[in-house]
Each structure stands twice: as structure tokens, then as C-alpha cells.
């Protein structure tokens with residue numbers, strides 16, 4: 001009893017053979033004593049019920065309480081009635097289970113979560129079905145041939161040409177238009193790639209720079225060096241002198257040497273008329289070693305030797321003409 005009065009301060013109507021009745025502001029034993037051996041239905045018991053719930057200042061409230069008091073209404077139940085043969089804790093647990101069931105039960109009229117998910121899936125399916133699907137068209141060889149013929153004539157056919165082509169190829173005008181768009185993109189890509197390759201080939205042909213030097217120049221360089229060492233002993237080429245380094249930077253600047261040799265040759269034609277050709281070649285090599293660049297390439301040497309031979313023949317003819325005139 002003490003446990004119930006302290007922990008569970010509940011209200012219940014006074015009923016016969018009821019062991020549990022608790023009111024506000026009083027202990028359970030006091031309430032039970034005031035309700036013993038009394039009939040709980042009538043005006044006489046109204047005062048005791050009011051005393052259990054609290055005193056009222058005026059008498060007319062007793063009449064009103066007689067009509068609306070929970071003591072007179074047996075249908076209202078604010079507490080837990082003990083059933084014979086069952087302990088109290090089972091009743092309390094049952095009441096708590098009922099409250100939990102009421103809280104967890106869904107509200108009527110509201111769709112459940114599974115139904116909402118189904119509605120969402122249906123909406124997604126409707127949206128996806130409303131989207132335009134893309135289908136890949138497989139063209140036959142005859143269709144491609146007809147399309148390529150028109151593409152060779154014009155890259156941008158008008159609507160009339162596309163409709164006529166669609167009738168011949170048994171395609172729709174939209175398919176023909178899409179094919180021409182893709183074909184133009186492919187053609188532009190090929191043209192761009194061809195221009196890049198052409199530019200690369202032109203650059204390679206214009207600026208063809210070989211990394212390794214030519215091998216045919218090595219024997220001529222060695223021969224010129226040996227000839228210079230054998231003739232003078234202390235002859236130093238112009239490339240080794242610091243004051244004449246400009247001649248090393250221009251390997252083909254032989255104009256002063258050639259002009260002086262040609263001038264000396266024309267002035268002294270009679271003097272060189274009896275000199276053998278081999279001695280003249282040796283002198284020209286020595287002159288080139290002292291005045292200009294000693295490293296001669298093979299084509300330059302051949303050109304000079306042929307021009308010297310022609311001048312030698314002209315000198316002989318001139319000498320013969322002079323002697324014949326005398």
C-alpha cells in the first residue's frame with residue numbers, strides 16, 4: 001500500500017469490493033476508512049466524496065457535484081482495477097503495452113512507407129520513360145553508298161535533298177540529317193590531321209639537320225694537315241691564330257686568296273708557262289694554308305682544280321699566238 005500511494009497517485013471511482021482507491025491530498029488508509037460501510041450511490045455520499053477530493057466553500061456545489069461527480073458516474077475509470085487471481089504488475093504492464101501500441105500505430109488515412117516508396121518508384125519510371133531514348137542505326141552498304149554520293153556533291157544538303165535521299169535509302173529524314181552531321185565532323189577531323197602531317201613533313205624537309213658530320217671530309221682534312229707540316233715545318237694555319245679568328249667562323253670566305261692567286265697568275269703568264277701542273281697544285285695548297293682556311297671540302301677542291309686547268313690551257317694558247325705573231 002505504501003508503495004502504491006507514493007509512486008502511483010491515481011484516481012478511481014469508489015466501487016464496492018474495490019481495494020484500491022487513492023485521492024489527492026490524503027493517504028490510502030484515510031480514504032478507505034471514510035468509504036467503509038457506505039452506499040456509493042446517492043446524495044448522502046456526495047459529501048464524503050467531496051471530502052476525499054477536497055472541501056468546497058458553498059453548499060450548492062454539492063448539488064452540482066452530485067450531478068457531475070465521478071462518484072456518481074460508474075462509466076468513467078481513471079485508474080487500474082485489480083482483477084482477482086492476477087497480480088497488479090501484470091495489469092500495469094498491460095496498460096503500458098496499450099499505450100505503446102497506441103503510439104506506434106499509424107494514423108488512419110496516411111499511406112505507409114512502403115506505399116510511398118512505390119509511388120516514388122512509379123514517378124521515377126514515368127520520368128525515365130518520358131526521356132527520349134537514343135537508338136543506334138545500322139546502315140547497310142547500299143545506304144552508305146547513296147549517302148556518300150550525296151556527300152561528295154555537297155556537305156550541307158537541304159531539306160528537299162535529304163527527303164529524297166531518305167526515300168531512296170528507306171530511312172527517316174532525321175536519320176539522314178544526323179548521318180550528315182557525323183560525316184562532316186569526321187571529315188573535319190581528317191582534314192585537320194592531314195594538315196598537321198603536311199606541316200610536319202614540310203618542316204622536316206626544310207630544316208633537315210644531320211647530327212653526325214660527313215665522313216668524306218676526314219681524309220681531305222688529314223691530307224691538308226700533313227701537306228702543311230711537310231712543306232713549312234713551322235707553318236701555322238689561320239685558325240690557330242687568335243687575331244684572324246674570323247676566317248674560322250666563315251669556312252667559305254676564300255675570296256682574298258683566290259683573287260690574289262688569279263691576279264698573280266694573269267700577270268706572270270710567261271713565268272708559269274714552264275712550271276709543271278703538279279708543282280702548281282702544291283704551291284696553291286701552300287698558299288691556301290698560309291693565307292686562308294686550310295680545311296677544304298672535296299667539291300670546292302675539285303672546282304678550283306678544274307678552273308685552274310682551264311686557265312692553264314688558255315695561257316698556253318695565248319703564248320702560242322704571241323710566238324706565231326712574232
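Glycine residues also receive a Cβ, built from the backbone N, Cα and C atoms like all the rest.
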Residue carrying N6-acetyllysine as stated in Swiss-Prot, selected out of 131, 186: 131
Per Swiss-Prot, the range holding DNA-binding region, considering 12-71, 132-191: 132-191
Secondary structure content, the DNA-binding region (132-191) (per DSSP, counts of residues): 43 helix, 0 strand, 17 coil
Within the predicted model, mean pLDDT of the DNA-binding region (132-191): 92
